[in-house]
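Copied over from TrEMBL, here are the features:
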- A:Cys169, A:Cys176, A:Cys193, A:Cys232: [4Fe-4S] cluster binding site (BINDING)
Amino acid sequence: MELLCPAGNLPALKTAIDNGADAVYIGMKNDTNARHFAGLNFNDAKLAKGADYVHQHGKKLHVAINTFAHPGDEGRWRRAVDDAVAIGCDALIIADLGVLDYAASRYPDVERHVSVQASTTNLEAIRFFHNNFNVARVVLPRVLSIQQVKQLTSHTPVPLEVFAFGSLCIMSEGRCYLSSYMTGESPNTAGACSPAKYVRWQETEQGLESRLNNVLIDRYQPNENAGYPTLCKGRFEVNDNIYHALEEPTSLNTLELIPQLSKMGIASVKIEGRQRSPAYVEQVTHTWRAALDRYQAAPEQYQAEPRWMETLANLSEGSQTTLGAYHRKWQ
Amino acid sequence: MKFSLGPSLFFWPKADVEAYYHQARHSSADVIYLGETVCSKRRELGIKDWLNVAKELAQSNKQVVISTMTLLEAPAEINSMKKLCDNGDFLIEANDLSAVNIMHALKLPFVAGPSINCYNLSSLKVLMKQGMIRWVMPVELSGDWLKKLLQEAEQAGIRNQFECEVFAWGYLPLAYSARCFTARAENRSKDDCRYVCINYPQGIKMNSREGERVFMLNGIQTLSGYQYNLINDVHDMQVAGVDLVRISADSTDAFQQMARFQQQLIKPVHYPLDRSNECNGYWHQIPGMSIA
């Protein structure tokens, strides 16, 4: 199984490679990718440097061009594809049907991966991408149980990639407009969920409050850890109860699923977090490399080590991890 | 411009569904969409029942369209959908690319529903090649976005090859999850949901801790907290080249709303929107929950 790690900048990319990533995925410094955050991502010069570093080490570079092209401006998404191909990327991660069509006809020899933002959750949808764009891989959204993933792997005409660790998106990716409903900007159109420019923190008599475009997302007591106000992870009132109505601030961690994922033939495990620091990338990559190597060496004896779990929990939202939708009870 | 009744997104008892569509038969809708789009565990009506409702509606000179599921995970869900797609009589609204693939294999035309991510001309062309004859704009897009896109289609000489429909009234479908939030609100898991959605024919309100209506929980679907209302934008939609205006089947109120919308073409009236219950932001390229 390939270990695919995130990089939001050149130091993170080098760190990922140095710590054992088989491949790194990055995005460009514009809204053609779903982590369009200030100070993040690669301009032309950095893109070329990043590609060189990855290739010198015999590893692979995936470039995410996974937002949806705007009318009158599709050329920008096509140029992003051209630029990624020009620096020798090994795979293009794409969600938009039009961009996929362009990449498939213009660069048939460059691998196309269906982005998680394309919401491909079943065999018939996988076949759609296989038939129309001859894709080399499909990235599954974080909505399937492990049994459902297994079922797909036994019939899919296309190798599959799954999310293995990182911030947990609980909605079928690419089909969530909660962020644009509240702020006007969504991952699909602007490349960001719950964008930082709409976040406001305020000390009040009732506690520390986090707001997104003025909507109260959460309110913390002095003994509580305050987290980034991703709008699906706040506390809301439903039927007179106040609780995390959609999801707690928690991260996905599938370290204990490595044997199952490997046996069912998953092509790649993906670490979320292009927006995170090089220190995060270092620790997650290091830990996952150790776990995958341990599994490889002695599959039958494999167990997730408590210190690995602890390291990963410390890097997680709310210091909590979950198996998410892979575990049916979570659903 | 034609007017359509979108599929009901809620889970209602069979008798209520049948009564609703009996009323729809006498409504002013030109097109009626029906079918389960949210959760395959909602089985008050089976495939045959839905098709029976469709047949009755078709007698009243309306175009009837069967809407299909949005988030499909299990092979059994795909198999049921295949049966619907191959019904032999009615047009299909595809709400997932799986349905597009099936319709293409059947060589049958289809409507690309609002949850298919079609944001630009190239994507429209891809879907048209598959058999798309009508495009329902994703709900988060604006009037300006639509105008630009339709102008491009005009320039490309393909504007007359598809119809364009806009979701204009009702709770907006915003997100889909593996998790059932209605079951969660009752401290249950999805596998043990006991079909509690049926107790919430209008969804469950999810408010901020200040009492602001944020979202509406509807099983695995999250809806807008406010009802979207483009009643004051009917003329703008017409100018933009919208072919169909969709009124969502939230409740029987939808029929009155449809009549009001149609009246706007004859004798336009400005309706002040209710800030505590309505929104129109998306069309005006501001946050969806806002009022322009």
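Even glycines carry a Cβ here, placed using N, Cα and C.
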Site of maximum Cβ density within 10 Å, from binding-site residues A:Cys169, A:Cys176, A:Cys193, A:Cys232: A:Cys176
A:Cys232 ([4Fe-4S] cluster binding site) - helix vs strand vs coil (DSSP): helix
Local backbone state of A:Cys193 ([4Fe-4S] cluster binding site), from DSSP in three classes: coil
DSSP-derived class (H/G/I helix, E/B strand, else coil) of A:Cys176 ([4Fe-4S] cluster binding site): coil
